[in-house]
Structures are given as structure tokens and as C-alpha cells.
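Notes to accompany the following structure.
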Amino acid sequence: MSQENDRQLPDGWQWVKLGDVCEIINGYAFKSSQFTTDGVPVIKMGNISKDFALKINLNQQSYIAKNIANLYQDFYIYPNDLLITLTDMSPSGEYLGTVAIYNLAKPALLNQRVGKFINLDQEILDNNFLYYTLRSKDFRKYATLDDTGNLQKNTNPKYLYEYLIPLPPLSEQKRIAAILNEQMEAVEKARKATEAQLEAAKALPAAYLRAVFESEEANSWERRKLGDIAKLERGKFTPRPRNDPRYYGGDYPWIQTGEVESANKYITAYNTTLNADGLAVSKLFPKGTLVITIAATIGAVGILDFDSCMPDSLVGITPYLEASNTDFIYYSLLFIREHLKSIAPQVAQANLKLSILQPLEISLPSLAKQQQIASTLTEQMQEVERLKQNLKEQLDTINKLPAVLLRRAFKGEL
């Protein structure tokens, strides 16, 4: 696969083939029978992550006994060695050609299909500069275009040697690498901080629910059986097999567990419809019905935003308006989901029967108080969703920064 590159380089830079400045040494095919739980760690493909870092859990790592490891001196790696994956077992091949710097204090051994770069002349090439060069999208694309195999993707040093890298003078390489180190550290710090904020935001809904339903005030509310304050009806679809095409492809929405599980309070989407024959063997629930999953996936809840049919793995709940509020019951069930999971009988699969749901006790304040609480919780949950969306967008921007910084660096713009 030829590499086309007519990009103009800054003065003093030149295009060189990777194979002219370095060599790639493949790891050794250690046998699983050689692995122990102590000794010299063995670095495998799975230790190199797609974010170009080495991920090692020493408690789970494979080792070679020290007396045996001494027989494989050619496959030792040392701090600051640059590594590359030559094989990828994932269907997408997204790890193929990924590089990382070995950062443990002690030496390790290199397993098969992980390569180690040997710098042929340290007066010409800086290892850290090479690391950032090979993190570029251009190299990742080049490496994956060579993949061979179906179940696993492969590349080889001979092919990689033909890749052209932009090479400035050594002093400029070191300057660029130092700046990129600093910038990437700042990006990583920002990423971790944003991820922590996102995790904190994800925890807010549960905290808001606890503040309501574990409050002293809640302890004074009347306890009512769910079956006394709402009508509970299982969904229906009698034909077997359930996927018989005669009943599908019409005007009647058909939801299943997945649509409820993925709902953000309101069930706003469906993937399947029933025709008139399907409707005849099912049941149509009106918009506004509260839905709960009762089989396999237990206790997911959502409110229908459209009229819909559903199977008997779902239950429709219609609160009696003189006693209870749909939104309040929704939040009540959301709060006790873990409890529902714990009381669902475990047979072939967990199943929450009507005989369990109907006598389920719900803490119930006055109808006016229910409406007030539901309104407040809805506002809080909406604010959380806005916060999460903002943080996700911020994280997406941060995750794109390394590629932007690398492009600038190799255009000589640092």
C-alpha cells in the first residue's frame, strides 16, 4: 500500500521512511504453560490501549520465572521503550498499529505480535518525537490498511518500514516532544476532571430520589398498595413464535423491554409496529400509561408518549386520578428499582408477577403533595440531563484535542 504525501514541510524538515531510522523487533511466542504468577511480567497486545497508553494490572499480569526469563534476553523491554501492536483481535481493527511507551520501572518481556522499536541513530531520531508521530491519524490509517486475516487483523514491520515520517532536526524534535508532553498532560488532566464531573452528575438523580423518599416527612406518609391506587395490566401478545411476520408491519406501535430501559422518563421511540392482525392478538395502551418491565430486565420504568401495544413482559400502570399521580408513581418505582430486582423470583429468568406488584406498598402523601414533588423532581432531572449533555460535549471536545495538537505539531506550528 503506497503512501501519498505531498504536504509541504517546514524548512529543515525532511520525509524519511520509518525503516531508515528504526527497526521493529517482534515479541516471543511464549507458551501459556510457561506463565506464572511471579517473576518478569510479559507485555501482551491487550496491555496497549487505544488511547496510546500502557494498561497494566500487576495482580492480573502473566509472568515468566526469572531463571527462565534470562533465556530470552533479546525480548526484554526497558523503561521508555516504544511498543506497537502488530495484531488486533477486535472486529474493527481499532487497536492495530497502536503505540505506547513502556513506563514500568523494571524490565519486562515482550509477547508475540507486539513490536519494540529500535532507534538506529539517537543523533537523528528522538523516541518521544517518534511516539507522537505514530499517534497521528495518518499512521493509524496506514497501519490498518495493511491488515490481513478475518478473525484477527495483522500488519508487519516490512510494510510499516515504508511509512514516511516528517523529520525535523533533533533539537526541534525534542522541543516539539516536550511541548506535546505538556499539552497532552493538560488534556489528560482536563479529561479526568470532566469524567469525574460527569460521574458525579450521573449520581444526582439517585441523590434527589433519596432526598424525597428517605426523608423524615416520607416516613409519615400513608402506605398504600400499588393495586389499590392504580390499575395494573400485563401486555399481551398470544401468538408463538412471537416473531411471526404475519402480525407485523402496520400502523400500531409495538414496544418491548429495550424501549423502556432506554427511555429518559418518556418512551418516545419504537422500532416495530403491528398490523390489524397483530392488534387483534395484543392490547393497545394509551399515551400516558406508566410502563414497567417485569421479565429478565426488572423494574425499568417509562411513560408512553404515544399509544402502543406491548408484550406480557411489560405491565401498564394507570393511576386512579383521585388517589395518585402518574409522575409521582414513576419516581416512586424508579426509587425502589433495586428492591424490585431483589424480590423478583429467580427461576429460568427473573420475573416480577402481578401478584408481587399489586400488593407492593407505596408511600403516598396527599395528591397535591405528589404533584408538587413530581414537578420538583422533573425539574431536577431535566437540569441533570442538561448538565450531562454539556459535560458530554465538553468531553468530546477534549477527546478531539490530541489529534488537533498533533496536526499542528507536524505542520511545524508549535
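Residue numbers in this text run from 1 along the chain shown.
Yeah, the Cβs are placed from backbone N, Cα and C, and that goes for glycine too.
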Range annotated as coiled coil - as stated in TrEMBL, picked from 17-51, 87-121, 367-401: 367-401
Of 170-204, 205-239, 310-344, the range TrEMBL labels coiled coil: 170-204
PLDDT averaged over every residue in the domain 'Type I restriction modification DNA specificity' (10-192): 92
